[in-house]
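J.: My questions will all concern the structure given below.
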Amino acid sequence: METLNPQLFLTYSPELPNGDPLYVSSNCLPIKSSNLEPAGHSFHSAALLLAGISNEDESEADSQSVSSDDRAQDSTPFADSYSTKGKKKSGSGDQQQDHYALLGLGHLRFLATEDQIRKSYREMALKHHPDKQAALLLGELTEDAKQKKKDEIETHFKAIQEAYEVLIDPVKRRIYDSTDEFDDDIPTDCAPKDFFKVFGPAFMRNGRWSVNQPIPSLGDDSSSIAEVDKFYDFWYTFKSWREFPHADEYDLEQAESREHKRWMERQNAKLQEKARKVEYARVRTLVDNAYRRDPRIIKRKEMEKAEKQRKKEAKYLAKKLQEEVAARAAEEEKRKKEEAEKLAAEAALNQKRLKEKEKKLLRKEKTRLRSLAGVVVSNKDFGVSESDVEMICGSFEMEQLRELCDKVDGKESEEVARLLRTAANKNPERPQENGTQKPDSKGKTQQVTLPLSGSEKKEKPWSREEIEMLRKGVQKYPKGTSRRWEVISEYIGTGRSVDEILKATKTVLLQKPDSGKAFDSFLEKRKPAQTIASPLSTRVELSESASTTPVASSETGSASANGSVSVANGPVPVVDPEAWSETQERALIQALKAFPKDASQRWERVAAAVPGKTVVQCKKKFALMKESFRSKRSAE
């Protein structure tokens, strides 16, 4: 077997002469090798170095750029690190090519349909294809000119293809149409006659951005109000599809990471929203300017104002008419009231005159009677006194006095005296005659009635109950009360006349109470104690007390009206304590009116106002009267 020379396979560094070993020592500590492997950019650089593709300059430049980026990320926030990355280049001076003109649709532009775009693209592609334009290269003399012409043909064909790709895609075409040339001017003022000429084209231009198609027309002066309202309702709720790509500062394709791309999207959305608000404000300004200057709207506002003014005037006239009617009614009512008052005053005046006339005639007849009775009164033998004549004059009416005077006139003195005595005896107000007791033939007393003389006539005395009722009536009905004394007379309820009440107010009410009889009056006003029958009383005592009553009462007699004597020899009938006289009933009714339900101690005060009756009797009588009244009403 052939041996190989090891020197043919071994080479030595120039620092090792003849392959002798070189011993090197150091004072450093041993270092533990790292088990980390390169990754990311480091792995890429290592792979390039192993492949022998990258040189040291590129690696150094990459390392410097990576280190500078790391330092920037460490020293600035996340959002600021993206603020200068991925921005679109602006101001480069490149003009946007006219895609519609390249396809021969410059006269239609955004109105061109998809079929028109396809058809125009086929025609322009066939016409401007490089193979179809090869004949143009033959006209060039030099190779440079031919190459330049060839590049120009290819560039134009590529532009046609790019225009077709943009216009055939709905999204790209909407973005391109949004950046196409457009007149954003808004008319602000115009003459009324030029309104439709100025604002009509402006609405047509901006109508291209409307989502809802077709847009309503502005119309003319002959348009109806409904069409005008529909037009402005459409534009006040206008929705635009216009995009604003020129406001996007960031290109999403240049995003370095997902977070960077999302941040770009948010920034672009903010800018688009801001531009969209500006666009809506511009359209709203256009609609407001048109609405303020629209002659149809102005005319309608004037009509509404006139109608409102007409209604206001009609309302004012109606109110004024109503006030006039009310004033006339009030005036008429016032006139009627004045007429009624006038008639009442005239009637009162006539009544007063009639009463004065009657009084005058009455005085005349009284004077006539006094003159006719003067001869009889002067002679005391006829038994007619002057007081009798005055009593007749005070009690008789005018007709009665005239009739009496006619009878007396021309008669003899005896006949005159007889007529006067008869008239005096028939007088219902003649006072009662005094009675004297004379013993009869059997020794018993009998009541003899004798006529009273004129000097012995007296008025009916006032009882304590009547005085008390009079005092209460004077306090209850003070001065100024209509028909005061008649009302007080009805309140007392004992038939007292007005003259008697007036006289009593000047005499009876002014009398001071006797201090010596104060205790007696107290005993009379005190409530009677309830009597309780004693169980020890015998039947004999009761019979004796009952037998004494008729004996004592039998000694009294009753006088007749014509002066005859009547003697009561038999037993006196027992009076029913539950019986009510007419005077007591009137007094009860007046007391119930004077003391209502809510008065304190009502029934005690009512019983005090009714003479001779207790609280229980008054309550029973009131219940009977109420039951009788209800039965009468039910019978009706």
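Each Cβ is built from the backbone N, Cα and C atoms, and glycine gets one as well.
TrEMBL annotations: computationally assigned, not manually curated.
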J.: Quick one: which of 305-342, 533-570 does TrEMBL have down as region 'Disordered'?
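T.: From TrEMBL, the annotated region 'Disordered' range turns out to be 533-570.
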J.: Using DSSP, what's the helix, strand and coil tally for the domain 'HSA' (301-374)?
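T.: Summed by class, the stretch gives 73 helix, 0 strand, 1 coil.
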J.: Quickly jot the same-chain residues contacting the domain 'Myb-like' (454-497) by Cβ under 8 Å, restricted to those at least six beyond its ends, or write none.
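T.: Here the qualifying positions are 385-388, 391, 431, 434, 504-505, 508-509, 521, 524, 583, 586-587, 589-590, 594, 608-609, 611.
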J.: As a test of reading the model: what is the averaged pLDDT for the domain 'HSA' (301-374)?
T.: 90
J.: When the domain 'Myb-like' (454-497) is classified with DSSP, how many of its residues are helical, how many are strand and how many are coil?
T.: 25 helix, 0 strand, 19 coil
J.: Take the domain 'J' (98-180) and count its residues per DSSP category (helix H/G/I, strand E/B, coil), listing them in that order.
T.: 62 helix, 0 strand, 21 coil
